[in-house]
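> Found this in TrEMBL, in case it helps:
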| type | residues | note |
| --- | --- | --- |
| BINDING | His77, Asp98, His100, Asp102, Asp204, Asp206 | Mn(2+) binding site |
| REGION | 255-274 | region 'Disordered' |
Amino acid sequence: MRTIRFIGAPFCEGQNLDGADLGPTALREAGLQPLAEMLGWSWEDAGDLDFAAALEEEAEPPPKEEGRFALTCGGDHSIAAGSICALVYPDLGVIWIDAHADANTPRTSPSAHYHGMPAAHLLGWFDNGIDGFEWFEPGCLSENRLAYIGLRDIDAEEGRMLRASNVHVFTMREVDKHGIAKVMEMALSAIDPNGFRPLHLSLDIDAVDPHFAPGTGTAARGGLSYREIHYIAEEMAETRRLVGMDLVEINPGLDEAPQRSSMHGDDPNLKPCSPTVQLGVEVALSALGKRIM
Ligand SMILES: NC(=[NH2+])NCCC[C@H](N)C(=O)O
Ligand SMILES: [Mn+2]
């Protein structure tokens, strides 16, 4: 049986809003575990990472993940530096679904928020190491093995760096132009031309249009539709090479009230929860193999 290792990463220090740290608990309470088990997964809950202790003490490297599907739930997107660095596959391909590129460096960032930088850090674009990141391997992700989908809120300097790089970028305009099916095909063949690489899905909920995902700290208009995000997750599962996933930037504190009326098509086993948490659970299930039929 395939095993999921659920890793709670309640870290929200990569930006200046509280609430993203409530993500892992909200996903557990919505019933993600029983829903995943119904799909045939066995579930291992690794609990929540203790960032308070880690920030005070000597930083510890994230545990290396191998052989199980690592589902890391944030928290803000900072945690992707750890989750991706911790995957033991040297030729890992990453599909990064986001409104933002998170490819600033400490030098270019307009906000100084680390959640806008983890991709640049993984790519080895920082000029210097950072204290507390002694375990980190800058450049563990090479440019041609990273593809973004959904970008629409990019800072000027980060846009220039991306254009000068070998990173594959599919903004919302490419989604408009080609449709999501074609974009997924192009993104996957860009990072994995022969179709043999292990794959990781780094999913920032703010990639989805704020209409469907209002509960997030840096919302941007004009995002992916409900079905487009599901299609991405379904296609990732379909590759059968997905080894890990981040689900980040769900902020239950900023979310709308739990929908009063559930819909007929909702999974009856999903516990009542706010809309962005519900979307997070549903998309995770699609990535774990759930299908319409
Ligand atoms: N993971 C995120 N939501 N990132 C938002 C980043 C926003 C902006 N580009 C910055 O660097 O500050
Ligand atoms: Mn992000």
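Glycine residues also receive a Cβ, built from the backbone N, Cα and C atoms like all the rest.
Remember, predicted model here, so these are calculated numbers, not experimental data.
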> What is the set of residues, excluding His77, Asp98, His100, Asp102, Asp204, Asp206, whose C-beta falls within 8 angstroms of the centroid of the C-beta atoms at the Mn(2+) site?
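Filtered neighbour residues, in order: Trp96, Ala99, Ala101, His115, Gly116, Ala207, Thr218, Val248, Glu249.
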> Please spell out the DSSP helix, strand and coil residue counts for the region 'Disordered' (255-274).
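Grouping H, G, I as helix and E, B as strand yields 0 helix, 0 strand, 20 coil.
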> Within 10 Å of the Cβ of Asp206 (Mn(2+) binding site), how many other Cβ atoms can you find? Include all protein chains, please.
29
> Which chain-mates of His77 (Mn(2+) binding site) that are at least 6 residues away have a CB under 8 A from its CB, listed by sequence?
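Sequence-distant Cβ neighbours: Gly14, Asp98, Asp102, His115, Gly116, Pro118, Ser202, Asp204, Asp246, Val248, Glu249.
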> Near Asp204 (Mn(2+) binding site), how many other Cβ atoms are within 10 Å of its Cβ?
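So the number of other Cβ atoms within 10 Å of Asp204 (Mn(2+) binding site) is 26.
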> Let's check the environment of His100 (Mn(2+) binding site): how many other CB atoms sit within 10 Å of its CB?
25
> Suppose we draw a 10 Å sphere around the Cβ of Asp102 (Mn(2+) binding site). How many other Cβ atoms does it contain, all chains included?
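Within a 10 Å radius of the Cβ of Asp102 (Mn(2+) binding site) lie 30 other Cβ atoms.
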> Which of the three DSSP states, helix, strand or coil, fits His100 (Mn(2+) binding site)?
coil
